[in-house]
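These come from TrEMBL:
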type	residues	note
TRANSMEM	21-42	transmembrane segment
TRANSMEM	62-86	transmembrane segment
DOMAIN	139-230	domain 'Choline/carnitine acyltransferase'
REGION	248-269	region 'Disordered'
COMPBIAS	256-269	compositional bias 'Basic and acidic residues'
DOMAIN	280-710	domain 'Choline/carnitine acyltransferase'
ACT_SITE	His422	active site, proton acceptor
Amino acid sequence: MQPHAPPRRNSIYNGLWPTHIYNLMVTTGLVTLLLFWHPAWAGGFTSRLWHLAEVLNIGDSIPYTIRVPLVAIAFGLIFFILLLYLRRYALRALLSYKGWMYQPPRTQSWTTLAWGLLVKIVSGYKPSTYSCQAALPRMPVPPLRRTLDQLIDSLTPLYGQDSGQVRDFKRQAAEFEKSIGYKLQRVLQLKSWWAPNYVTDWWEKYVYLMSRSPLPINSNYYILDHSYFKANFKSGSSSRLHCASPVAGETNARQGADRAAPDPQHHPGLHEPVREGIFNYKHIIVLSSGHYYKVDVYDSDGAVLSTRVLEDLFQWIVDDSKQHDISQSESRLAALTALERTKWAKIRRQHFLESEASANKDFLATLESAINVVSFCSDPVSDDFSERGKMGLHGNGRNIWFDKNANLIFHPSGRFAVHCEHSWADAPVFAHLIEFVYTAEAANPDKIYDSGGRCLPDPAAQKPIRQPERLVWRCSESLANEIDDAYQFSLKNNADLDLVVRDFNEYGKGVIKCFKVSPDAYVQMVLHLAYYRMHGKFALTYESSMTRLFLCGRTETVRSLTQSACDFVLAMCAKECDSGLRIRLLRRAADEHQTSYRNAMAGLGCDRHLFALYVIGRGLGYESEFLKSTLTLPWILSTSQQPQQQLADTPSCDLPEFRDCVSPGGGFGPVADQGYGVSYMLAGDFRIFFHVSSKRSAADTDSTRFMDHIYQALRDVKALFDGHSTAV
């Protein structure tokens, strides 16, 4: 995530890290003590301090009792600044070392152990969210030849070593390298010296903000709450009884992250949307029965409202929203944000920003400056994972404001989902926050809810709070027509999504580790096998990897379809092939995949590099068909592993009492019209959650069938090891 300016207090704290203001105070105090004490052993040092006083024109005309503190402060500042930059640049140099990623955790080299000790010594104390920004290394620009070779190697198993497509790619790559390739490479290297990250700003601008596709399914993603556990929810109770705790927990988590790290609002522009920070805003928007309410979540002293107070406010909103009539079109207002971005931008400007009704402009400003949107969904939703996923990814067409960084959607069944806008942060960031929320509920439900399912009252008296405000706006006839059209478009778009979410509980990563195979690589090989069995061919496969080891790093692509992966899949499909050979091929493919993943994390992937070269080429007036053709190849399999157990003090989800508390994770839509979006979570040692999405309009895709093939592939690969030693 690109950093935004934090509050002044945090800016000072982060600007001084890895040092601390205490370093300055201690240094100044010690120097003052030495100058007043005059120990013989420090004579050389004190004489240099008095020489510093002469240089700074702190002469004898100034009383001695004042001169000493002035000299001490001057030396303390100089020493503090030198220490600050010495530690910062030393830490940046240390963090540039990535050798530890390629070594087994239990057999690391002495070099890595020494490196870890030095990092511990040089690092500061208790960094906040953005403290490490200045110490993080910049992401390196990979060598051009390496990137081109990596690209060709990834396409060879897809088309075949001797295919015409591969020969064409090799020829185009050689021509690109000899013509404009190195010129673009030098310009990109120049940018990497002064920009925080050589690709992140362009990635956010051109991939997310300038995309004209509708946000739901195409860009945004969702996260679900607990898999099976319900925190003391009573059947038939009001939805406000199970939403106050998550809302309060999410607000507290945001505040604890940096005491106001902003969450941008992504609203559309005609050509490029604008993303604004929302530091100074203290309210959320609650959507109930089609009405929008502004709710301040901080009291007059700036403290987050207690769960019991929020519960009462939400109940008031639910009751009040039923007292006001609303037209069908007005209740569908949020459907506008599901439109193609340029069309929504025009409607937004015409009917809100430039509307004769000032209430519309005020309404939109209040909504877009909110921390997030809380939506009470009245439609019944079962506990089925797939149904919960659909309501999280696209909703019912009228209950999600897709521009907001987050929508918390609560169902009458006691479940909730989070719909996340993608441009401001990738899934692991918000998943970390949501884990904070549901872990508190699962670990300590008795500290949150009473026996009746209500939130416990806060023993401390709550300071005065503001009553929720129902937002009023004017819906003209032309705007109503636009809303109705948007709603129908949204329903059609939603109906085309084929989403299946399941819990594979026959085994998990505990068993996979016994096979001496990386769990992530294992699942990737299973996906290749399942796709090949279903479609009779291989697919260009995208797996997202994080580059957060670098300043402003976001993601990189792991091209998991390798020749080794193809060899394993073909061996699994061959009738005359023994299990021992299949196991060896699996491990070889998994090892190669692990190396590719580590390379991507170390900034040595090829896709972001090629993308940045393409942007520079367009900016300089070059049109490279080679770059254009490689970057537009469809990702038939777009995959991502979801993190879990990111909190240091989270109870293990392998414990029997917490196995049903873990979240199933979340998912996203397919990247290619003829492809699949697959996210998976290795939730502890005993289960794997899969989210498979595709488009019903595609001729050859079927999420249910593909999920069945994944399950069968999981069983077949495990069967290889039955009766075989793990040392095979």
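Glycine residues also receive a Cβ, built from the backbone N, Cα and C atoms like all the rest.
On a predicted model such as this, the values are computed, not experimentally measured, just so you know.
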Could you tell me the mean pLDDT over the domain 'Choline/carnitine acyltransferase' (139-230), as a whole number?
95
Please count the residues of the domain 'Choline/carnitine acyltransferase' (139-230) that DSSP assigns to helix (H, G, I), strand (E, B) and coil.
57 helix, 4 strand, 31 coil
If we skip the immediate neighbours and take only residues 6+ beyond the ends of the transmembrane segment (62-86), which ones have a Cβ under 8 Å from one of its Cβ atoms?
16, 18-19, 23-25, 27-29, 31-32, 35-36, 49-50, 52-53, 56
Under 8 Å Cβ-Cβ from the residue listed as 'active site, proton acceptor', six or more apart in the same chain: what's there?
Tyr208, Leu215, Ser219, Asn220, Tyr221
